[in-house]
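Since the structure comes first, as structure tokens, the remarks are kept for the end.
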Ligand code: DON
């Protein structure tokens, strides 16, 4: 593997000391131009461009921007504003995202952390009333669950860093579609028609959401043309005046008003909104025998889990030849169990608590951790990277976080004509966020990604709520680089805490089992968090895998209706290969 060439690009605002690969290897700084004898040859990109996302209309908006010379970041903004319209159950401008951006010419990675943030007035008892921890649904369907949205601020920070297209033009596809009206998709209509979901989601209880999704009391049906002038107007203002149109003035007041309503009014203030800032963070990468995996650092679980799972899998299967085998499937399950246990224990907002990010993916820790692989019917426990690496035990600092997460997220993968790439997972957390609608978009319930229970067995939970803190996320927008350090794969998915397993499936499926992007996406989902192993049985090979793992002694939980939404782009010798998850409605399309 060639030594790291990943650097903090000039626009990274965080302390440069943090701009080190976190794999434990020391990486020399790249010489400046003045230090080299001559400028390096420009890096050539001749593989084309592609957009993969959850709706063809959003993909087309992204392709249009790329066709006109926009960058992957420009395209991501256009794609996402259209998704906020046509896939409102999953994400939108009332939510947040993590975006990993790869600059091909500079060979540099940056993470834009647009995660929703707890209001300053929040504390560890955000979801505790009179000593009782609120159940998930009560917490979700309350004014307290919404974090300050990060999406529009992320668009701006990313565009200022690497946008080429004119800011206002990026909103035009969504504005046009919102004014003309869009055809309601089968997935959106299906969710709205689902009575059980309707009872849980309670869109009917919000005046705006009810009128929008249930005109005359009936759910929107497939093919109905739904316009959204309020969303078009707001985007038009953002296009003209920038993020202040969202974070200040009428829109900000409307957010505060709707969150101030019963049940359980939230404590968000105008000041919380106007002071929101995107955090630009260095990507965290792990070096492995045949590749480098880079993803978002905490509060995202992406970098920790994807590197841990692959690193452990590689160690368990050492000496085997490439390709699928039943033993390797079991090895992947074992690797997941250990990584999930560590993630559940340690990952949280590292600006608030100590997260041993680099230690968890340190090869010396992985060498030791692989010995913890346990019997199929055992119960996973967190490891102790502090002890293994001689820094002193840290396992007793925290109680284990058992936060659950439910549907409502989307993933976008893009490579532009210059070879720059975006991997962005965006969310409103649950289906339709917290169901309160403002100016044609839904607010998020991201704060339920905190541990609602702030202490477990008298120990604080790392991921407990606090004012200004960002909740832990399973979102894992990821890029894989090959042995020459060249971009090989852009991947990511929605799916709550199963995201970790979904994304890992594409890495293992493509890199070790030799599959195409689409074949890897189509594989049954296998999720090994906690003692049981969830296996998706209503897809090809699913029942076989469930039976095989069951026969090997794993407590298999047979699952149907998995919620992945993987969108993957692979860089092959002869061009780009894409894949889109058939479990959702997306496509991967190359620029012609
Ligand atoms: O950030 C997270 O981990 C969750 N809010 C993601 C939720 C999700 O993916 C639901 N997906 N379908």
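Every residue gets a Cβ built from N, Cα and C, even glycine.
Unlike curated records, TrEMBL annotations are generated automatically.
Here is what TrEMBL records for this protein:
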SIGNAL    1-17  signal peptide
REGION    22-41  region 'Disordered'
BINDING   115, 449, 473, 474, 496  L-glutamate binding site
ACT_SITE  409  active site, nucleophile
>> Between residue 115 (L-glutamate binding site) and the residue listed as 'active site, nucleophile', how many Å separate their Cα atoms?
In response: 13
> Roughly how wide, in whole Å, is the group 115, 449, 473, 474, 496 that binds L-glutamate, by largest Cα to Cα distance?
Replying inline: 15
>> Counting across all protein chains present, how many other Cβ atoms fall within 10 Å of the Cβ of residue 409 (active site, nucleophile)?
In response: 30
> How big is the gap, in Å, between the Cα of residue 496 (L-glutamate binding site) and that of the residue listed as 'active site, nucleophile', rounded to a whole number?
Replying inline: 8
>> Using the alpha carbons only, what distance in Å do you get between residue 473 (L-glutamate binding site) and residue 409 (active site, nucleophile) once rounded?
In response: 11
>> Tell me the coarse DSSP state (helix, strand, coil) of residue 496 (L-glutamate binding site).
In response: helix
> Reported as an integer number of Å, what is the Cα distance between residue 474 (L-glutamate binding site) and residue 409 (active site, nucleophile)?
Replying inline: 11
